[in-house]
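Visitor: This structure is in structure tokens; I'll ask about it shortly.
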Amino acid sequence: MRSSMFQLLRSGSASRASLLRRGYSSGAVPERKVAVLGAAGGIGQPLSLLMKLNPLVSKLALYDIAGTPGVAADVSHINTRSEIAGYAGEDQLGQALEGSDVVIIPAGVPRKPGMTRDDLFNINAGIVKSLCTAIAKYCPNALVNMISNPVNSTVPIAAEVFKKAGTYDEKKLFGVTTLDVVRAKTFYAGKAKVPVEEVNVPVVGGHAGITILPLFSQATPKANLPDEDIKALTKRTQDGGTEVVEAKAGKGSATLSMAYAGALFADACLKGLNGVPDVVECSFVQSSITELPFFASKVKLGKNGVDEVFGLGPLSDYEKQGLESLIPELKASIEKGIKFANQS
Ligand SMILES: NC(=O)C1=CN([C@@H]2O[C@H](COP(=O)(O)OP(=O)(O)OC[C@H]3O[C@@H](n4cnc5c(N)ncnc54)[C@H](O)[C@@H]3O)[C@@H](O)[C@H]2O)C=CC1
Ligand SMILES: O=C([O-])CC(=O)C(=O)O
């Protein structure tokens, strides 16, 4: 997956050649529209760039409350397959969404030092609710990739909005937790001294603090790291977002690594839609693998979105404890989202 993103970056105008390398015959590449909501933001801009480099995208709609005409004009000069259109302001949201196969949502405020992701709830819950109301109206069949925090609550909000509108399909709603996986892979490779591009680590649970549970016992290549290294790697993965928030010192949270992670996940969704076999990523989805209604785990992506939600596999004692500890916090965040969506 990582190497395919570098292929994209190298492919430039040769997107047809890049598609052929990816196993598509040139006549068989479906048209796919992707919309980015929040496209003028810190994540939105580099994410829009990366989606413009993806040859699976034929139309790219860049929506924000302001600033998108400039971002769209800029990105549109890149000589790759997709046609770009910028949409600014609520009256253009419908047009941005119509016909979308995948909608990526990085709209909303980011953290400042000292804040938790839940501190963003009051502002971002309303933003997500209104955007999802529009998705239900204009592109009810699209796959929705939710980046806006707190993901542990914004995904349940989206589900409730779609249920009320009668459009909910649990196979099509995803909380994007790919950045946790990207971090876990990077940190593990550094500690285990193995090539980073060969590393796989599932990350399960949710997307905030201790609800982020990397399963280093299942990491490959195997490295037999001592317990204290596993604990340190787990903590660093759980606090990865805070590490960036503190380093940015008031200027926001992860944007570039998130754009990379968001582009990887959207690419996986597009591949699944296009019938590419065995596309598996971790994501926060409706789930019955634990007692909680939403949970992140490995998910197989197919022509209709989620094809299969995989179980957790064998856990170490340390991971079993982590799982037990995260359940109450994740449950409360899910319930908070559901309550918000139903009372307002
Ligand atoms: N899931 C994850 O792993 C991660 C999630 N995030 C979250 O992503 C969100 C965005 O972060 P940044 O891009 O850094 O923030 P930002 O403030 O740089 O950009 C947010 C953009 O959203 C736009 N926006 C606000 N209300 C909107 C609406 N109603 N419709 C459309 N656009 C709207 C703003 O105009 C702005 O351009 C935050 O909630 C942040 O916490 C950030 C990093 C990782
Ligand atoms: O930490 C934050 O607020 C942003 C985020 O979700 C991440 O970087 O994982």
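All positions are counted from 1 along the displayed chain.
Using the three backbone atoms N, Cα and C, a Cβ is placed for every residue, glycine included.
Remember, TrEMBL labels are computer predictions, not curated facts.
Worth saying up front: this structure is predicted, and the values here are computed from it rather than measured.
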Visitor: According to TrEMBL, Gly38, Ala39, Ala40, Gly41, Gly42, Ile43, Gly44, Asn124, Ile147, Ser148, Asn149, Met258 bind NAD(+); which of Asp64, Asp101, Asp229, Asp278 is also listed for that site?
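Guide: Record check against TrEMBL: NAD(+) site with Gly38, Ala39, Ala40, Gly41, Gly42, Ile43, Gly44, Asn124, Ile147, Ser148, Asn149, Met258, extra candidate from Asp64, Asp101, Asp229, Asp278 is Asp64.
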Visitor: Looking only at C-alpha atoms, tell me how far Arg111 (substrate binding site) is from Gly38 (NAD(+) binding site), rounded to the nearest Å.
Guide: 16
Visitor: Which one, from the binding-site residues Asn124, Ser148, Asn149, has the smallest tally of other C-beta atoms lying within 10 Å of its C-beta?
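Guide: Taking Asn124, Ser148, Asn149 as the binding-site residues, the minimal 10 Å Cβ count falls on Asn124.
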Visitor: Please work out the mean pLDDT for the residues of the domain 'Lactate/malate dehydrogenase N-terminal' (33-175).
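Guide: Per the prediction, mean pLDDT sits at 98 for the domain 'Lactate/malate dehydrogenase N-terminal' (33-175).
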Visitor: Distance between Arg183 (substrate binding site) and Met258 (NAD(+) binding site) at the Cα atoms, whole Å?
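Guide: Just about 10 Å between their Cα atoms.
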Visitor: Those binding-site residues, Arg117, Asn149, Arg183: which ones have a Cβ sitting under 6 Å from ligand 2?
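Guide: What lies within reach of ligand 2, judged by Cβ under 6 Å, is Arg117, Asn149.
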Visitor: Determine, for the substrate site, the additional residues of the same chain whose CB lies within 8 Å of the mean position of the CB atoms of Arg111, Arg117, Asn149, Arg183; present them in sequence order.
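Guide: Everything else in range on the chain: Pro110, Pro150, His207, Ala208, Gly241, Thr242, Val245, Ser253, Ala254.
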